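Peer 1: Shown below is the structure under consideration.
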Amino acid sequence: MLISGLFCGFLLGFVMQRGRFCITGAFRDLYVTKSKKMFIALLIAISVQSIGFFILQEVGFINFQPAENFSPVAVISGAFLFGIGIILAGGCATGTWYRAGEGLVGSWIALATYMLFSAILRTGPLGSFNNELRSITIEHKTIYESFGISPWILVILIVGITGFAVFQQLRKPKTKVATLKPKKTGLAHILFEKRWDPFVTAIIIGIIAIFAWIFSVPTGREFGLGITSPSANLLQFLVTGESKFINWGVLLVLGILIGSFIAAKGANEFRVRVPDSKTVIYSATGGVLMGIGATLAGGCSIGNGLVETSFFSWQGWVSLPMMILGTWVAAYFTIIKPRANA
C-alpha cells in the first residue's frame, strides 16, 4: 500500500500544477490585490475533505484523534514564520515541491533549505528548542469538542459559508482572457492546454485529500496529506540510508514532484529557470523559515491549512490566520512598500 502514496502525490502534483493552485497566492492576494478567488478555492478543498473525513469516521474506516496537547506558542509563532517564508520562497511547501517539478531553480533552493531545517528542528541541533517550545501546552480539544456540539454542525457551517462565497464570486462579471488557438484536441487539450477553473481544481484536490486518508491509514500512518514531516524524513533517509524514514508520506512528496514535472512537460511549461542573486537569497531564506515555522506549528499550509482545518482542530484554525498574517507582513515589505517607493 505504500506505493499508493506515490500515486496520490502524482495526482496532487499534476492537479496543482495544471490548476495553478497556490495557497501562497490565496493568502497574499487577499491583501495585495484584494482578490478572494483563490482563498475561496482553498475553502472549497477544506469543505470537500471535511465531508469525506467525517463520513470515513462515521463508517468506522478511521478513528483519528488529534494530538492530546495543543502547543499555542509554537503554533502561533511557527505559523507566522511559515507565512513570511512562503512569500520569500515564492510558494508554500506543496507549491515549492510542484514548482521544483516545473524547473524553477529558486524552488529547488527553497526546497533544500526547507527540508534541511525541518530535519534540524526534529532530530538535529535545534531539536531541543523545538521540543521545549512545543512542551508549552494546553489541553487539546477539537473545536466541536470544546463547544460540546456535533462536528456535522461545523461541517454544515463551513459548507454554507463556502457555498455563499462561491455564489458571490460567480455573480461577478467574468473577465475575458485572450487565448491562443488550441494545438491539442480531446483529453490532451483538457489535461495539458485548457485553462483549469480554480474551483473545479479545488474540488479535485479535496477528493485527493480524502483518498489520502483512505490510502495512508492502512499503512499505519494515521493522517492525510502532509508535506513537512515527509520532506524531513526524505532528507534523513538520503543522509543515513535508514529505511525506517521511508513511509507513505515520503512517497507522497516524491509523487508531487513527478506529477508536476509530467504536467509541466505536457503543457510545455517546463523550463530550467535560474534566478538572480536576490531571488536566490529570498528562496534560501524562505525555505529556512518554512522549515522552522512548519515544524514548530506542527504542519504547513497543507497539514494545518487544509487537513487540520477539515477536522476542526484548534491547531488548524489557529495556524491558518497566523499564516495569513505572516504572508501579509512579508508582502508589505517585499511588494507593497517597494511599489510605493518606486
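Just so you know, glycine gets a Cβ as well, placed from its N, Cα and C.
Predicted automatically and left uncurated, TrEMBL annotations should be read as such.
Owing to the predicted nature of the structure, the values given are computational and were not obtained by experimental measurement.
So TrEMBL says this about it:
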- 38-61: transmembrane segment (TRANSMEM)
- 73-98: transmembrane segment (TRANSMEM)
- 104-121: transmembrane segment (TRANSMEM)
- 142-167: transmembrane segment (TRANSMEM)
- 199-216: transmembrane segment (TRANSMEM)
- 245-267: transmembrane segment (TRANSMEM)
- 279-297: transmembrane segment (TRANSMEM)
- 317-336: transmembrane segment (TRANSMEM)
Peer 1: With Cβ-Cβ distances below 8 Å as the criterion, list the same-chain residues six or more beyond the ends of the transmembrane segment (73-98) that contact it, or say none.
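Peer 2: Same-chain residues near the transmembrane segment (73-98) but 6 or more away: 12-13, 16-17, 22-24, 27-28, 104, 106-107, 110-111, 114, 130, 133-134, 136, 227-228, 231, 253, 256-257, 259-260, 279, 282-283, 285-298, 300-302, 304, 315, 318-320, 322-331, 334.
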Peer 1: Per the 3+ Cβ pairs under 8 Å rule, pairs at least 6 apart in sequence, do the transmembrane segment (104-121) and the transmembrane segment (279-297) touch?
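Peer 2: Contact between the transmembrane segment (104-121) and the transmembrane segment (279-297): present.
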Peer 1: Which sequence-distant residues neighbour the transmembrane segment (317-336)? Criterion: at least 6 residues beyond either end, Cβ under 8 Å.
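Peer 2: Answer is 24, 27-28, 30-32, 72, 75-76, 78-88, 143, 282, 293, 297-299, 301, 304-305, 308-309.
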Peer 1: Looking only at residues six or more beyond either end of the transmembrane segment (199-216), which have a C-beta under 8 A from one in the stretch?
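Peer 2: Hits for the transmembrane segment (199-216): 1, 4-5, 7-8, 11-12, 15-16, 18-21, 40-42, 44-49, 52-53, 56, 61-62, 64, 166, 222-225, 248-249, 252, 306-307, 310.
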Peer 1: Which residues of the same chain, at least 6 past either end of the transmembrane segment (38-61), have a Cβ under 8 Å from a Cβ in it?
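Peer 2: Long-range Cβ neighbours of the transmembrane segment (38-61): 21-23, 25-27, 29-30, 151-152, 154-155, 158-159, 161-162, 165-166, 169, 198-199, 201-203, 205-207, 209-210, 213-214, 217, 224, 305-307, 309-312.
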